[in-house]
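Residues or ranges marked as active site, proton acceptor by Swiss-Prot on the basis of sequence analysis: Asp63. Per Swiss-Prot, the feature NAD(+) binding site maps to Asp63, Gly64, Arg68, Asn138, Asp139, Arg149, Asp168, Thr179, Gly180, Tyr181, Ser182, Leu183, Ser184, Gln238.
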Amino acid sequence: MRVGVVGHRGYVGLPAVLNTLLDSAPALNFTLAFEEELWDMAEEGERLTQDTPIDAMITLGGDGTLLRGARLVNGRKIPILGVNFGRLGFLTSCSADEMEDGVQRLARGDFVSEPRMVLESCAIDGDRSERCRWRALNDVVMHKGGFARLVKFSVLVDGEHIGSYSADGLIISTPTGSTGYSLSAGGPIVMPTFESIVLTPVSPHTLAMRPLVLPADVEVTVRADDGPEELLVTVDGQVGTTFTGGETLIVRRAPEPVHIVRLPGATFFTRLRHKLGWGGLSGRDGEAT
């Protein structure tokens, strides 16, 4: 089995973890390929790019590392085992202490591959030419950047104008992304298996404009009508571009999902309770059942 490895270099114990993976690879029948940032730390194995043929991926870090790994998968049907070395790790498959068991289950095929809906987005310039395209597992966000002023957005769903948002920004999220930035901005929690697109305004200047849950098969179009001359579009909090008046952002469901490894007992609501304190109050998590 060819396995791609993506990791967060900021984790001080990462070299030891890479050595552990390399030492166990022969017994697991793994051939390891490391992303460019890790290859010099591993000192052996292959280099991992978007074009490297792999059968599975292991990410070593937090949710951001898993999101970066999902971009490298680039639409291929490759299960991603996320090992959490970060603070929250809501998307990851197991903790650092559970890594050995998780990797062995990956080798045996003893896991559930959970498909997660992905968004496909593109920026169209004033000449109607596509200049950028991205895939987002979490969200696509149009926001004002560093300017302390509102932006007025026009939003269309399947070509129908549904309203204008005066806000600091607009989050367009997947069900997976509903527990990320969208949740912080007051958006709803959506189960990952309920395919949909969530629109959540960031600090809207009205009480009438609330988050909106749309069917997964619609196309969302966003234009900036008024605000700073230059806005930002950010994808999964990691990549993006500038955005100016006269340009259009189009977001729709991508045809290929991302496949995240789920181990026995790791249900969505278990993670909600343990990671986000769902159903309990701060300091009283132990009372939740």
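Glycine residues also receive a Cβ, built from the backbone N, Cα and C atoms like all the rest.
Distribution of Swiss-Prot features across the structure.
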residue	record	DSSP class
Asp63	active site, proton acceptor	helix
Arg68	NAD(+) binding site	helix
Asp139	NAD(+) binding site	strand
Asp168	NAD(+) binding site	coil
Gly180	NAD(+) binding site	coil
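Within 10 Å of the C-beta of Asp63 (active site, proton acceptor) we count 24 further C-beta atoms, all protein chains included.
Cβ neighbours of Ser182 (NAD(+) binding site) (same chain, under 8 Å, six or more residues apart in sequence): Asp139, Ile171, Ser173, Val198, Thr200, Pro211.
With respect to Cβ neighbours within 10 Å, the binding-site residues Asp139, Asp168 differ, and Asp168 shows the lowest count. Cβ neighbour count for Arg68 (NAD(+) binding site): 19 (other Cβ atoms within 10 Å of its Cβ, all protein chains included). Checked against the residue listed as 'active site, proton acceptor', the binding-site residues Asp168, Gly180, Ser184 differ in C-alpha distance, with Gly180 being the nearest.
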